[in-house]
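Visitor: Sharing a structure below in structure tokens format, with a few things to ask.
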Amino acid sequence: MSASPRLADPVLSVDHLTMRFGGLVAVNDLSFRVGRGDITGLIGPNGAGKTTVFNCITGFYKPTEGMMTLRHRDGAEYLLERLPGFQVNRRARVARTFQNIRLFTGMTVLENLLVAQHNPLMLASGYTLAGLVGLPGFRRAQGAAVEKAVAWLTRINLLHRADDPAGDLPYGDQRRLEIARAMCTDPVLLCLDEPAAGLNPRESAQLNDLLRSIRDDDDTSVLLIEHDMSVVMEISDHVVVLDYGTKIADGTPAEVQSDQSVIAAYLGVEDEEVEAVEAEVGV
Amino acid sequence: MSAPAPALAAAPAARPALDLQAILKDALLFALVTFGLCVPVVAYRTDLSSTSALDLTPRWGLVAILCGLVFLARLAQRLILASRDARRALTPSPRQATEAVDATPNAAQSVSRFGLPLFLGVALTFPLLAALGTGGLSESRYWIDLGILILTYVMLGWGLNIVVGLAGLLDLGYVAFYAVGAYSYALLSTTFGLSFWICLPLAGLFAALWGMILGFPVLRLRGDYLAIVTLAFGEIIRLVLINWSDFSGGAAGISSIPRITFFGLPFTADEDGFAASLGIPFSPMHRVVFLYYLILVLALITNLVTLRLRRLPIGRAWEALREDEIACRSLGINTTNTKLTAFALGAMFGGFAGSFFAVRQSFVSPESFNFLESAIILAIVVLGGMGSQIGVAIAAVAMVGGPELLRNLDFLKPVFGEHFDPNEYRLLLFGLAMVVMMIWRPRGLISERSPSVVLKERKAISGSLVKEGHG
């Protein structure tokens, strides 16, 4: 068995996931697992349905069919397709980033990280009432939240820009800030939609280090969509390949790289093969 | 090696030259368009002649004056803009710089440094200033009434600012909550004889309740759709008040609503009145001054609560919602509840203001709560700069106090003739002011956002980065 041993204890199991938009089948009977403590890469050519899978997992789409089970370490199980959108993050603790960065551009870097800690802070502020009169319990919670934000800013090298508006940051910093913001919600599963898009090789290497440290130090499993193969093949423990909404390969990076159907999906097939198939079906 | 030096020295001198020819051409074009518009409208006046036939009176002189004025105004505008652009090209913008640039204090900072204490001081001593200025308390009644009116709109603007400015939800029917508050006090006091001080919180609660009732079905809508539905809600409340005569007195409204008391002491000339209890001579102005301070306190409470809420998680969630609703959902924020609290709180302050309106007028009718009121309150928020408290206050003074100023322009009569009534030009000037604002400050008087939490250094956030919300 060459697959990651951690697949025996998956943090997320996706079973028979199907998503139809009218007549278009974006995802077709997809099943895969995300091992606890793994970095799992989800790859495939453009239009393969990767982002649709992400939107189903993170509660933005309700899948047409299928089941997505998220398991916490303490044994709690959540059926993601049944949770209302915001509860996927709040209760099941799945965080995500977006392909086109969605920071709160008019708020400072620090504020962005505090918004991510909204739910624990709301509780500490007694749903605003205790906070309004300024009880000490809320002040402590707010202080702790700022400390956590500062710790994350130190990790992503943005502490010196804490009071600048997020919209003023350069692109690479915005990508890292979005990951830090997602991490501030204490997720068990972090879903990253093309985190390396638009990064230069140096920033891309920094990102690899950050993702590895998230996997190793934070008890957070990572599921990422990525086109940059240098990122996927280097840091993934397990890779799932999609094409036309169907899974065509699933295994370690080395296995996937040598898989014939993956090569065919990415590079196409020889002309003779096409002719042979056409002759078979009688076109 | 000394070759580059002259080139460097010459660089600052290469400031963009004013393209006078283009500017003149542009101004001439404007004058030509004005001429084209004037010919059918202004150039001839039709008068009834003595034989009751129509006479054409040519007014080419007036046309020439108008065209000349437009030419000069456009010329001046272009010249001012061109010199400003030239100045800007020479000074680097702090936002483009990679290292620290000496930033001049921006509008928000300079206003808050000098303006805030001044504003508060004037607001607190306004009745005294008015009395001194007019030479007596009774003579200052007009000014204090005007102050009350302005402060009512300041409070309404601050209340709506929670919904529109912070949460980014466009609400065109805010006046409905103002009406709910006013009718709450009017009905509770005339039917059950409850005092104002009991009705005030109740009115706020009722308005908040209606905010939620409206909010539940409506808040899944966004942008234009939300605006239309809130507009309809405002009209529905008004139409119900007009037509449900048994309940609300119909179009005639509710009159003889009990007046304000000084925490139980009525402002009357009686034995147990306010003046007699304090042993001072009775004056009807006591009530007016008390009303002034009451609305001042209510407005300041609105302001303080809003400023406090901005620093709490709920306020930050409102602003995050305005910035990006989808990102909020991915961070586990219950967007429906968050919008609902913004709607309910905004409505609550509208309800407080409404019950104040009822106790001040001692008469309410549906006529006071038409769409124009909603539009004025929204205009105050947008002109002030969405989300900025001081900007909203300044805009309220300008929008409500400005038209009143026009009434006092009698000294212009010798200039323009005996039939000149500046009040007739109110809407014209209002429109002109809006156009000027759109050109000069499209994001409102104070568009900078001040961060709600700071690690080391407070920096204002440029309005161009702050989103306006979309639903």
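Every residue gets a Cβ built from N, Cα and C, even glycine.
What TrEMBL shows for this protein is this:
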type: TRANSMEM; residues: B:27-46; note: transmembrane segment
type: TRANSMEM; residues: B:58-76; note: transmembrane segment
type: TRANSMEM; residues: B:114-136; note: transmembrane segment
type: TRANSMEM; residues: B:142-162; note: transmembrane segment
type: TRANSMEM; residues: B:169-188; note: transmembrane segment
type: TRANSMEM; residues: B:194-213; note: transmembrane segment
type: TRANSMEM; residues: B:225-244; note: transmembrane segment
type: TRANSMEM; residues: B:290-309; note: transmembrane segment
type: TRANSMEM; residues: B:340-359; note: transmembrane segment
type: TRANSMEM; residues: B:371-403; note: transmembrane segment
Visitor: Please give the sequence-distant neighbours of the transmembrane segment (B:58-76): residues at least 6 beyond its ends with Cβ less than 8 Å from one of its Cβ atoms.
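Guide: Residues 23-24, 26-28, 30-31, 34-35, 38-39, 42-45.
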Visitor: Please determine whether the transmembrane segment (B:114-136) and the transmembrane segment (B:142-162) are in contact (criterion: at least three Cβ-Cβ distances under 8 Å, sequence separation 6 or more).
Guide: yes
Visitor: Which sequence-distant residues neighbour the transmembrane segment (B:340-359)? Criterion: at least 6 residues beyond either end, Cβ under 8 Å.
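Guide: Here the qualifying positions are 152, 155-156, 158-163, 166-167, 169, 171, 174-175, 177-186, 196, 199-200, 203-212, 214-216, 219, 257-260, 291, 294-295, 298, 302, 309, 314, 318, 321, 368.
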Visitor: Which bits of the chain, at least 6 residues beyond where the transmembrane segment (B:194-213) starts or stops, bring a Cβ under 8 A of a Cβ in it?
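Guide: Beyond its ends, the transmembrane segment (B:194-213) has Cβ neighbours at 176-177, 180-182, 184-185, 188, 258, 260-261, 263-264, 340, 343-352, 354-356, 359.
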Visitor: Based on Cβ pairs under 8 Å, which of the stretches B:27-46, B:225-244, B:290-309 lies most in contact with the transmembrane segment (B:142-162)?
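Guide: Going through each listed stretch, the top one turns out to be B:290-309.
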Visitor: Other than its close neighbours in sequence, what residues sit by the transmembrane segment (B:225-244), given a CB gap under 8 Å and a spacing of at least six beyond its ends?
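Guide: Distal contacts: 169-176, 179-180, 183, 214, 218-219, 250-251, 366, 369-371, 374, 471.
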